[in-house]
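Colleague: First the structure, which I've put down as structure tokens, then a few questions once you've had a look.
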């Protein structure tokens, strides 16, 4: 396999899906890799019910030494790193689509807005009907903000990426903490904060009860109620800021051809690897300490300002370690065994949207009370190994599907609704494949 490149398309007056010759195969493999990590994270935290459990019960699941080691490895290497990588690839995909549109002389705005509207609809269906942890609707909403940067200079994109990752989140959290104190006094603000935390805990408890029910309808209603109750939390703005920052770093990487021209950017990848590992180890080491303090209830004794700033450092550590993962993939991409790994992962990445939704459907059946009822019952190691087993099955299914069809089924629906007409689905002899993932 030769070095992945973007092949320019012939001029066309009509927008169309991406031919396989125009794809950056490294991106598909990275997207598949990221999807695996996202699934492990979702399973370890949400699908299994651990974040919904009372703290003492959650600690009991990680009490054995083996489970403690597995949990710490998960927190250090997986938690929040792969959603960072997935978001980065979303922004990079946007950059590639902009480049293709410019070469055709088309405007990307209307087409991309339609893509985002369809993605928003799919995400809201996923969020309110299947599982409360949907990421697609957030990507769609933040994607509209990404459109504002389509003509911005690289310097402007970089400045806003840094602001979104390092300044805006902590500012929002600090203001949400201090404004009530300034307006109503420390005691009243403390009472309000205590009531807010109690309400959040009660919402999670109700969601756990709903998901533990043997009624699918009860689980769906419980998820809908949780979504409504938590929709306007300040943390949503924080998460959207992080998402936009990751998108913008991906947009910048696409403009610099960071993954399209690996040889030309090899020095950059070496620097990314060094600084990503160095700063990522510091940030995620701090994250392990914070997780331990939080699990023991000691974070409450720390000032809110200090807690916010430490969490910010931890989040930046996730960003840097995610950057190191990208650099490792890029630097190893010419090696034969790595290209074989890419060949395994690429179909999963091309069907990322389908596989993401399938992961939710399978997981809610495995864990929720109306299915197999494993919610809150499995320790981290079993949850992680189970999710890896499911992902292995998805690899096989993705290879089988794409040997016969151009798109994943949900990708086909996304494209058909975006272009306003049904796209050809079956592969034809002698025709190039088409398809892409969430990008």
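In case you wondered, yes, glycine gets a Cβ from its N, Cα and C as well.
Straight from TrEMBL, here's the annotation block:
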- 32-53: transmembrane segment (TRANSMEM)
- 73-92: transmembrane segment (TRANSMEM)
- 135-150: transmembrane segment (TRANSMEM)
- 157-175: transmembrane segment (TRANSMEM)
- 237-260: transmembrane segment (TRANSMEM)
- 254-420: domain 'DUF418' (DOMAIN)
- 272-293: transmembrane segment (TRANSMEM)
- 313-332: transmembrane segment (TRANSMEM)
- 353-371: transmembrane segment (TRANSMEM)
- 383-402: transmembrane segment (TRANSMEM)
Colleague: At a threshold of under 8 Å on Cβ distances, which of 32-53, 237-260, 272-293 pairs most often with the transmembrane segment (353-371)?
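Modeller: Ranking 32-53, 237-260, 272-293 by Cβ pairs under 8 Å to the transmembrane segment (353-371) puts 32-53 first.
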Colleague: Counting only pairs 6 or more apart in sequence, are there at least 3 Cβ pairs under 8 Å between the transmembrane segment (383-402) and the transmembrane segment (32-53)?
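Modeller: In this chain the transmembrane segment (383-402) contacts the transmembrane segment (32-53) - 3 or more Cβ pairs sit under 8 Å.
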Colleague: Counting only CB pairs under 8 A, let me know which of 32-53, 73-92, 135-150, 157-175 has the most with the transmembrane segment (313-332).
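Modeller: Of the candidates 32-53, 73-92, 135-150, 157-175, 73-92 scores highest.
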Colleague: Hey, would you say the transmembrane segment (135-150) packs against the transmembrane segment (237-260), going by three or more CB pairs under 8 A that are 6+ residues apart?
Modeller: yes
Colleague: Within the domain 'DUF418' (254-420) only, compute the mean pLDDT.
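Modeller: Across the domain 'DUF418' (254-420), the average pLDDT comes out at 93.
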Colleague: Which residues of the chain, 6 or more past the ends of the transmembrane segment (272-293), have a CB below 8 A from one of its CBs?
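Modeller: Cβ under 8 Å, 6 or more out: 72, 75-77, 79, 299, 302, 310-311, 313-318, 320-328, 331.
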Colleague: Grab the same-chain neighbours of the transmembrane segment (73-92) for me: Cβ-Cβ under 8 Å, and only residues 6 or more beyond its ends, written as numbers and ranges.
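Modeller: Non-local partners: 27, 30-31, 33-38, 40-41, 44-45, 135, 139, 143, 146, 242-243, 246-254, 258-259, 284-285, 287-288, 291, 315, 318-319, 321-322, 325-326, 380, 384, 438-439.
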